[in-house]
């Protein structure tokens with residue numbers, strides 16, 4: 001084995017071991033709590049989890065929960081295992097576009113990506129979904145290469161597993177259409193054959209859809225859940241499309257340069273960014289990658305998901321760009337290692353890989369050891385409750401406080417009128433509000449600045465939690481008679 005492949009193998013093993021050692025036990029967001037509670041008791045009507053149910057992800061968590069007591073850690077471990085298995089398809093794909101002496105190193109450059117690893121080590125479905133995505137893409141390439149049409153069944157089945165883990169990766173199905181079109185154009189399948197394969201794809205999806213529907217009372221009940229969730233998801237504060245006031249151009253810039261490159265590709269590390277850009281610039285003078293079809297397929301999948309992420313995902317959350325990050329890094333690594341490296345090039349690539357492994361390890365340790373801002377707030381309010389009874393009005397933080405079984409009164413509120421009416425029932429208690437609630441009141445045109453004061457700030461990693469990394473707790477100072485008036 002070449003020195004480069006030895007280095008790549010070492011990098012993969014080191015990161016995998018650290019992933020297994022530093023598994024956090026925090027459910028710091030609404031979605032994380034949904035998933036953790038679903039492992040304990042699956043009930044979509046109680047948002048355990050929310051629509052569409054993520055059945056294969058939850059099933060994996062339930063199986064591992066038999067040996068891991070903490071549901072959060074069980075889900076994270078499932079992510080690590082599925083993503084870890086993706087080293088196989090990643091390597092098999094890399095072998096098609098890089099020199100054999102660099103295949104393991106190129107694979108390691110993608111696998112050890114700092115932000116991706118950080119997302120894998122969370123109880124969210126993205127980690128397992130990214131791992132399954134690589135198996136799915138490999139099956140697309142394999143089915144196109146094989147003359148026997150029976151191989152087409154494999155990507156159809158794996159696509160079902162992918163959507164059963166994370167439905168928002170639906171647009172990746174463009175790959176199946178591309179392969180079927182190439183087979184049809186080459187005379188290997190007829191129009192009727194194409195229809196049959198698409199029907200098989202639908203039947204595979206119905207495996208998990210039917211299972212969820214039966215568990216929730218039938219297809220009609222499942223459809224009601226779908227309509228209820230999507231309506232609320234797009235209309236509440238922070239809905240998918242209306243998550244920010246960014247213009248279309250600003251969204252494009254944020255998705256490409258912030259989410260995909262700065263956060264996703266290099267984990268907000270300037271040295272990694274410099275090494276990556278220099279490596280790509282040097283590779284730009286070399287010949288093109290091998291296996292043009294596979295590269296074209298990935299570019300088409302990349303472009304399709306980019307449009308999906310731009311218009312149908314929340315660009316304020318970089319984790320929604322994970323497929324873009326993975327495919328972009330794959331193509332970049334393939335480009336840099338498609339030709340024999342010079343001594344300088346070897347040093348450059350090795351430096352990038354080792355620095356990335358170091359950066360990934362520091363982020364994993366920070367993620368496992370740092371206390372999320374919402375948990376910090378819960379601890380603070382618990383100590384305040386011992387001095388004087390209180391009520392805290394929150395937005396999505398209430399779900400986390402409920403999961404933590406916080407010993408003080410906490411309520412989710414979204415309108416100022418509901419808040420003032422409810423707060424009137426607690427004349428003897430201190431009233432607190434989170435910054436998300438205050439921001440919501442201001443959007444409703446309510447001038448609340450004169451009636452609140454900052455009680456305390458809480459901070460955790462923005463890279464880990466871009467929405468709730470900064471949390472400000474306010475104390476309500478408005479006079480009771482003014483509230484009643």
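Every residue, even glycine, has its Cβ placed from backbone N, Cα and C.
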Check each of the ranges 256-281, 360-385, 386-411 against TrEMBL and return the one annotated as transmembrane segment.
256-281
Checking feature assignment: transmembrane segment per TrEMBL, candidates 293-315, 431-453, 454-476. Which range matches?
293-315
Per TrEMBL, the transmembrane segment among 49-71, 72-94 spans residues 72-94
Given the cut-off of 8 Å on Cβ pairs that are 6 or more apart in sequence, determine whether the transmembrane segment (293-315) and the transmembrane segment (157-182) share at least 3 such pairs.
yes
When you scan the chain for residues with a C-beta under 8 Å from the transmembrane segment (72-94), skipping those not six or more beyond its ends, what do you find?
12, 16, 19-20, 23-27, 32, 35-36, 39, 57, 60-65, 103-104, 106-107, 110-111, 116, 120-124, 126-128, 130-135, 137-139, 141, 165, 294, 330, 333-334
